[in-house]
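Per TrEMBL, the feature transmembrane segment maps to A:13-37, A:49-81, A:93-116, A:136-157, A:177-210, A:222-244, A:250-269.
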């Protein structure tokens, strides 16, 4: 078994891929927690598309892949914030307008200029084999920045996510918190583009956090669980991709979805068990359907 | 045209807790209220009543500083809103404004009151925790501190929000519809609790739809409908004329000694279906 696990590590590309998926998975899990609690699941999907458009524009302008993607991602964040400020247009509509337009721009340019390298295919569908040391450095920097910022801004992030209006009255600069969060999200998405691809980034952001939500009712624990689940999903997905010779991004997403299903099933069976015990008179108090919240007082104990 | 039944402030030398002068507020081209002047004394316990969409929430947002007035000045304790230090205003939002499935405990919700301070460590300090426990004891929610907020009743959630608003010892406590979303017993308890808090010198301003609760619990009422209709003590303010101008339609007021009951319209007489 050990030999089987160690065998792929002899290849440098696998090492690179493993490190990249570990870091990307962990930071996606961490930031994904806030994405789902803020009801912004569609943002990840949209921003990745905007970043793709930016990468194409950057290529035409002879810019670095990440510089183009980053600039367009940030522009998308600013435009979305500006459009939603008045409250007339809601977040999902603003994301749809801005990010799809940017993605369409990229597609239009690709259809006109056909001298593109393979990196755009990698950006769309992910290409773990092409991870360079430069990519690893960037991913490491983004992951560390995300971790540090989330730790230092834990309090304002939690308060403004739970109750934005009250947070503002209490003195938290919610607009600034939102902007920093959006920047972190954009950076994480750009760092993940070559790993899982634009088409599947949303799943890497949301699935570990959603799985963690099923496992706990505590915000801080949810952050930690999502980080661990994201990291494990990345590493396991890499190995499975090597074993079954499947696309790495797709395998990571499928493994993440399997973990979610498993977690959901466990919750479902646990709730059924507790309910049955309650009906049989073995327990005397059930508070909610969430298994963490069930106070189990065994009769006679 | 607005009417002031009783002057609340003229005789006072100290700056009012809340002072609005010629304030116009609205959203884009839509004006909600125009050239409003209103003063609320320090230590007052006042309720703003008025029909739905009459501008009560806009008025609260203007006082809280989350919405900038289109013109006019808003002063809290004689200071502009930007000069007010953090923690001076305590705020309790409407219960319906929050996603109660959010993964936090009652204790974490109350601790959020400290999250505007300088401390950056995620975990609470000993002093913060002690303050939260003291408030929870006082507000009767100590036993549910470790409970998920999703598993608490409307009254407990209201108290948790109240505790969060009180952690910094505010001078002004603002509550948006504290009587909605809770049963009649919890409503009564919350208003009594607010009365106790007010007796310690904290100015309280709240909005509500429940005229009867206001009539029996609050010493000062502001009738509002896209502008000030009247303000004063309930027994002076709750007249057919003022309430009809505030709400429109028929209002019936039944008085009995210190109690009175406010009802709207005429009762519907259902047929007994021939039984």
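Glycine is no exception: its Cβ is also placed from the backbone N, Cα and C atoms.
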Please identify the stretch among A:13-37, A:49-81, A:136-157, A:177-210 with the greatest number of Cβ pairs below 8 Å relative to the transmembrane segment (A:222-244).
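Between the candidates A:13-37, A:49-81, A:136-157, A:177-210, the best contact partner of the transmembrane segment (A:222-244) is A:13-37.
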Would you kindly check A:13-37, A:49-81, A:136-157, A:177-210, A:250-269 and say which stretch has the most C-beta pairs under 8 angstroms to the transmembrane segment (A:93-116)?
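Stretch with the highest Cβ contact count: A:49-81.
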Between the stretches A:13-37, A:49-81, A:136-157, A:250-269, which wins on the count of C-beta pairs under 8 angstroms to the transmembrane segment (A:177-210)?
A:13-37
